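The structure that follows is given in the form of structure tokens.
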Amino acid sequence: MGKTISCSVLLALISCFYLLFATALDTITPSKSIKDPEFIIPQNGVFQLGFFSLANSSNRYVGILHNQIPVQTVVWVANRNRPLKDSSGILNISDDGNLVVSNGKAEVLWSSHVNNTAPNATTAQLLDSGNLVLSNGEDGGSSLWESFQHPCNVFLQTMKIGVDIKTGRKVELKSWKSIDDPSDGNFSLGFEPFNIPELVIRKDNQLYFRTGPWNGNIFIGIIYMYTVNFDGFDVVADNPQQPYYITYEYSNDFRLIYYELNSQGKFIERRWDAEKGNWINRYPSHETDCDVYGICGAFGICDSSKRPICSCLKGFKPRNAEEWSRGNWSSGCFRNTPLQCQRDNNNGSGAGQGDDEFLEMEMMKVPTFPYRSSMVNGDCKNECMKNCS
């Protein structure tokens, strides 16, 4: 009996030690920081948070990386715009309760910038999902800040890219400047509500690529979505009173797939190939110049199989023939002859049709600000012919 009690006590002590040790492995507290080259790992061991350098740079960064992949794979960077210049870095909870990256001179290079923290009570934990969460220990562990809400260039599972129409708050990706420089690049990817929500990529804040509207099943301007099963993706975009967002989660081997907005502005799937020992890029958001928004200008048609790739819609001609001949199509096209309904009624509401035609186009993206219609296909022509705009 005495031996049984002793064994039970021993097992309890071992269990307590394990729990304390496991907590320490994935959590930063006011009394526990990490210094270069230390790191923390969540219990499933998939990711790690710590210090690293990129292949062609001596700069030091704090970030989240894949822990079980032999190829360095960075999924989030804290001090992406203010790298450490030596190995004196430290990641800790500051006196005001924020998670901060500092150098050997105690200069703060990055902070979570949360106002309502509880000093000496906040903790930062790296979750199995790869999400770094700053929590308030005095408020039942409520989340104060999450890396999933401040992503860099990588879209991980259960992360939500979206926009809150009421507050204007966005969660969007921002590309790296180059493969060896994680500072803010030229491209961003986010959810735009427009009249019907869709994903867009911007270059220097200008519209660069758009997926086309979400029709409840697919983004209708993405060719792969007609042929590839993207089961696991979830888009919430049917209630303007709620935030729009896109997320995904796979049930099988899910941690070996992620999405990245690269420094060239392409949004790609990256899937780990164990046989090749490397990541395989698949399903790029765009592959030809025709995928770039507005490359042929207003009323222009783009066909990557033709030379030149741009032409004008039937009944239109180049607005600037000289620029057009030099391969600059940005000025677009204009109508050869005004619509009959415009001639009948200058305010555009006339019902006269005359020589006006309804031209159905295939393999084209709908305009940037489309409206949903309950009409069946046969009514579309008649409705359009009645509306000069």
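The backbone N, Cα and C atoms fix where each Cβ goes, glycine too.
Unlike curated entries, TrEMBL annotations are predicted automatically.
Annotated domain 'Bulb-type lectin' per TrEMBL: 25-147, in sequence order. As annotated by TrEMBL, signal peptide applies to 1-24.
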Quick one: mean pLDDT on the domain 'Bulb-type lectin' (25-147)?
93
List the helix, strand and coil residue totals of the domain 'Bulb-type lectin' (25-147) as derived from DSSP.
6 helix, 53 strand, 64 coil
